[in-house]
Amino acid sequence: MWRGLPALALAALLLLGRAPAGRAAACEPVRIPLCKPLPWNMTKMPNHLHHSTQANAVLAMEQFEGLLGTNCSPDLLFFLCAMYAPICTIDFQHEPIKPCKSVCERARAGCEPVLIRYRHAWPESLACDELPLYDRGVCISPEAIVTAEGADFPMDSNNGNCRGTGIERCKCKPIKATQKTYLRNNYNYVIRAKVKEVKTKCHDVTAVVEVKEILKSSLVNIPKDTVNLYTNSGCLCPPLSANEEYIIMGYEDEERSRLLLVEGSIAEKWKDRLGKKVKRWDQKLRHLGKGKGEPGQSDSALKTGKPGNARQTRS
């Protein structure tokens, strides 16, 4: 049934003891197409989202197909399947195993900026707060599953988070600052900033910049001070070099009051002429009625990964 069982989780399951025979619900083969490639092949209904059948779970998971297509997080599919088609062990536990809190947090950190871009929020039903920590309960995470290839990166056994990674090959597709791009992408913020440093922690890269001038802002307050620009992957795209001054155009995470530097953002070496152009472009954008917050997207934006019929533009 298992194609790899974490030793720690197995030991913890054994400590729980076997469920009484009368209460042990039957495990069933995973029939959800998106979850079949995952390292378990048996599940149990109802799942963690209270779907009584896998057919219901399939319909509910369809809304995430577009988000999965963006490759916003390597943990998203694992997390969704652990919620919608949870691992079931016949002998050791009468309740399906939940994903670890750290898995949820990594998936959310990578994909929530994409949802925000299309005026969606991370679903409350997938909140990370109530999920178990790696060292305080039985839970499952990708790095805990033993495979023939071994772990992709060393893990901290105390919390399930990585201690370090190998060099990640980043392929950034440059986006040139033009009026057409500016009007199409409708950035939340535009700043002139000097890069102080680029910090890397596990899969997260953060650029620390000193804001020199604010050309555009939206709902997140931007001080003329040192601020962090957050990414949603282990790559800094567009790339930034320390001690260089840039004009940076990006998006924001209103809920966490964060400025984001994600796919579709622009960073070019600062030139006074370019700064003046951007101010003119923004005036035109406001004249077109796009410079402020637009109505929310239709639900199809989440499913397809593209905006609906509202005026929100795509990158």
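The count begins at 1 with the first shown residue.
Cβ atoms are placed via backbone N, Cα and C, with glycine included.
What Swiss-Prot lists as disulfide bond is C27-C88 (among others). C88 (disulfide bond) has a Cβ environment of 25 other Cβ atoms inside 10 Å. For the recorded site, C88 (disulfide bond), the DSSP three-state label reads coil.
Within the same chain, residues at least 6 positions away in sequence whose Cβ sits under 8 Å from that of C35 (disulfide bond) are T43, L77, L80, C81, Y84, A85. As annotated by Swiss-Prot, disulfide bond applies to C35-C81 (among others).
DSSP assigns C72 (disulfide bond) to coil in the three-state reduction, placing it in neither a helix nor a strand. The annotation disulfide bond is assigned in Swiss-Prot to C72-C111 (among others).
When secondary structure is read from DSSP and collapsed to three states, C100 (disulfide bond) falls in the coil class. Per Swiss-Prot, disulfide bond is recorded for C100-C139 (among others), and the stated evidence type is similarity to another entry.
Swiss-Prot lists C104-C128 (among others) with the feature disulfide bond, giving similarity to another entry as the kind of evidence. In sequence order, K101, C104, E105, R108 constitute the residues six or more apart from C128 (disulfide bond) in its chain with CB-CB distances below 8 Å.
Residues or ranges marked as domain 'FZ' by Swiss-Prot on the basis of sequence analysis: 22-142. DSSP places the residues of the domain 'FZ' (22-142) in helix, strand and coil in these numbers: 49 helix, 10 strand, 62 coil.
Summarising the annotation, Swiss-Prot assigns domain 'NTR' to 170-290 and lists sequence analysis as the type of evidence.
For N41, the entry in Swiss-Prot reads N-linked glycosylation site.
Swiss-Prot lists 284-315 with the feature region 'Disordered'.
As annotated by Swiss-Prot, signal peptide applies to 1-21, with the evidence given as sequence analysis.
Looking only at the disulfide-bonded residues C81, C100, the densest Cβ neighbourhood within 10 Å occurs at C100. Restricting the average to the domain 'FZ' (22-142) gives a pLDDT of 86.
Inclusion criterion for the disulfide-bonded residues C72, C88, C100, C111, C139: a C-alpha placed within 10 angstroms of the C-alpha of N41 (N-linked glycosylation site); this criterion is met by C88. Among the disulfide-bonded residues C27, C72, C88, C111, the residue whose Cα lies closest in space to that of C139 (disulfide bond) is C88. Distance noted between the C-alpha atoms of C88 (disulfide bond) and C100 (disulfide bond) is 15 Å.
With respect to their backbone Cα atoms, C72 (disulfide bond) and C27 (disulfide bond) stand 31 Å from each other.
In this structure, the disulfide-bonded residues under consideration are C27, C72, C111, and the one with the smallest number of other Cβ atoms within 10 Å of its Cβ is C27.
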